[in-house]
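Have a look at the structure below, then the notes.
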Amino acid sequence: MEINSYQTRAELLLRSYMLSDSFIVYSSVIGGVFACKLVYDLSQIFTSIYFKRYAGLSKFQQVEWNNRSISTVHAIFITAMSLYLAFWSDLFSDDQLSGLVIMRSSTLSTSILGVSLGYFLTDLAMILWFYPSLGGTEYLVHHLLSLVALSYAMLTGEAQFYVFLVLLSEATTPGINLRWYLDVAGLKKSKAYLINGFMMVLVWLVARIFLFIYVFYHFYIHYDQVKEVSSFGIFLVCVVPLVLAVMNLIWFWKIVKGLNKTLAKRN
């Protein structure tokens, strides 16, 4: 009887844990989707009040303006949280003795991934709805890879450290969006547009080139831990950063060419 009592209690505790964990996952994803809707609506309201040219934009330009507001807010949020979790907190520190780095997760880290997943779902839906105006095939590949990696890390608790490292590449998004805003506002020949171009190159170099070199280096020296995750997890940790790194190099080349073109027009 006593053994059955302990088993029943253990089952109830396990069930309670799984239900609370599922609640965190689903509520954070839904929260991320609703946050995107809120930012879209607020962008529409405040931009129409404080930016007089907004009313003169085409319907689709207004949609893209608000869509870029969502991606900018998400980029600032996820960059700050990724920096905190990956480098400033003790969650993924090598000095901690609480298990393998690649297996570590927390309620906060899982919630943050859920919010980011909600953003990528929302943005992917908008890209598909207005395809290819908001982004072509490369954006679909980028978002689908991100969704798979985020979902896996969020649901299993594995490889969250590497996901947060890759999410730091979102730090380049505000600069890209600002360039589009300046162009739409008729400030393509302004000094701000030129400075933005230089900053884009610098931030991209750090967040999407050097950072990925660090990701591969960390992966190499911790490969004994990486082998502990599932086969699909190893595939994601190996393939997703590699594909994104190649895409980042291609985009970086286009950014540099664009900056050179801008400089050539000014000379």
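For all residues, glycine too, the Cβ spot is worked out from N, Cα and C.
Nobody curates TrEMBL annotations by hand; they come from automatic prediction.
These figures come from a predicted structure and were not determined experimentally.
Look at TrEMBL and you will find 60-264 tagged as domain 'TLC'. According to TrEMBL, the transmembrane segment annotation covers 23-51, 72-92, 112-132, 194-220, 232-253.
Contact between the transmembrane segment (112-132) and the transmembrane segment (232-253) is not supported: fewer than 3 Cβ pairs lie under 8 Å, counting only residues 6 or more apart in sequence. Summed and averaged per residue, pLDDT over the domain 'TLC' (60-264) gives 94.
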